[in-house]
């Protein structure tokens, strides 16, 4: 529809404007052209001249009469008149009747004040028609601009477009205020693409954006996905010291965070504070979310402390961002603390947040906490477990060796209408493997095929891990499964188990295998294959696999040498791979002594100090007992956790006493 604001009556619909697409019009795109220059002409809204004030004796008989005719009294009466139209959804007749109280000769300034005070777009359009019928307007664009502002208050973007089209039909030329109002309305209505469209039409009407509009367009371009243009404008804003609002800074932080430039997001935050723009809760929440995606929980902590010290109370979004940040970074204690604080404050979590915390619990072995959270989810009344929820619980039960609990959870998952996926069945197989239930492992493998699920590399890695815990007499059942689905991997395992010694054929097959699998599973595969060899007492094959791991750069920097210390680094290795590396290193040291090579003053083994997430054991604990069995002179360093050290003299004496070193099975 279009407005007929001159001769015929305006028929205003009872509902908001119905959007009708405008015909495409040529626009000046900024994509491939220089950014428009700010106007050199004076501002379209020149400053008002100072008012002249005359003192009136309040006791004078004329004081009340003068007050009735003063500007303030006139302004108050116009606002009161506007408020009477804000209380309902008026018809045209009602608006004309109310405005008729202004008399037959209202002035243009009255029209501006009254329309500007309106809240109803319906009343604003009828009021505009009223004044157009009774006034000879000198600056009709101003009246249209205040009508547009009323539509902006109501966030009625479609109505804004209708008013603009009617403005053009009446031959009224839009000015900078017109465009800035329309652009700001598009931003307020979360229509950044429309804001960009209007901005790029400004040259078509001879309008040049001012710095305020340019600053707003940083936000609009950023939210519309034109990141390059947003950043170009921001660079210019910094150079020319434009005033950038807090909403735009929030968008910039989001832009940098989404692109992975997390330091850039922090720099924007620091620049904002340096310019005296005070961050609001939205800024803090966006920063917390960005630091969560950056896996920088320590910075999230600092930002949260600053937010609280500045007097802001955390909202649901704040807690959600913290929960995601701590869970992604595996800051278990902090994540659980935030979770419990949310529950204490009566804040409901959605199923995605519940699953985020449960996944973290599964990853770091927070068994009791996971059960608590799962019960909270089921009793929340607002959420129901989904497949991700069940998957996390099954993983926790499986890794902690609770076979019956894992099976019960799988049955509960299926009763809830969710079919097990590859992740769930992988966890179940791992659980059966820990319990030495090889037949159940095989049964689950074939169930995978019945469900039409294609095993992935992680699944085969899990099968290899199960094989490291399986008695030798039952390995054939698992090898048969692997051979059917992954022949190359099955062939390598068969060579290792069947022939029991390293040879050129094994070396070639291993090289082909590692060249054919993705880089993210090479180390787990190599670790498991070495563990299998160590368990079967196939030392030569274990050494061959470790050498292949070094050739393919699966393992790097295992050994290091400096003038003062030679070290063996085992932190990223499985137990079997670590024992194999120790065996090779000790043989290297023995050869160095035989060749009369000078040893450094200190020798060290770094096992790391971590423990397995579902066990109290760690590599350091196993190595301590193993070194004791070997009678090796390495002792745990009191000031360097995870390090075992010895001196040159002690090492040399021990190496010379070694005759037939044996590698103890894992």
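Cβ coordinates are placed from backbone N, Cα and C, and glycine is handled just like the others.
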Stretch carrying region 'Disordered' according to TrEMBL (options 1-57, 58-114): 1-57
Positions whose Cβ lies under 8 angstroms from the repeat 'PPR' (245-279), at least six residues beyond its ends: 187, 215-216, 218-219, 222-223, 227, 230-231, 234, 238, 286-287, 289-291, 293-294, 296, 299, 307, 310
Tally of residues which DSSP labels helix, strand or coil - the domain 'Smr' (568-652): 36 helix, 14 strand, 35 coil
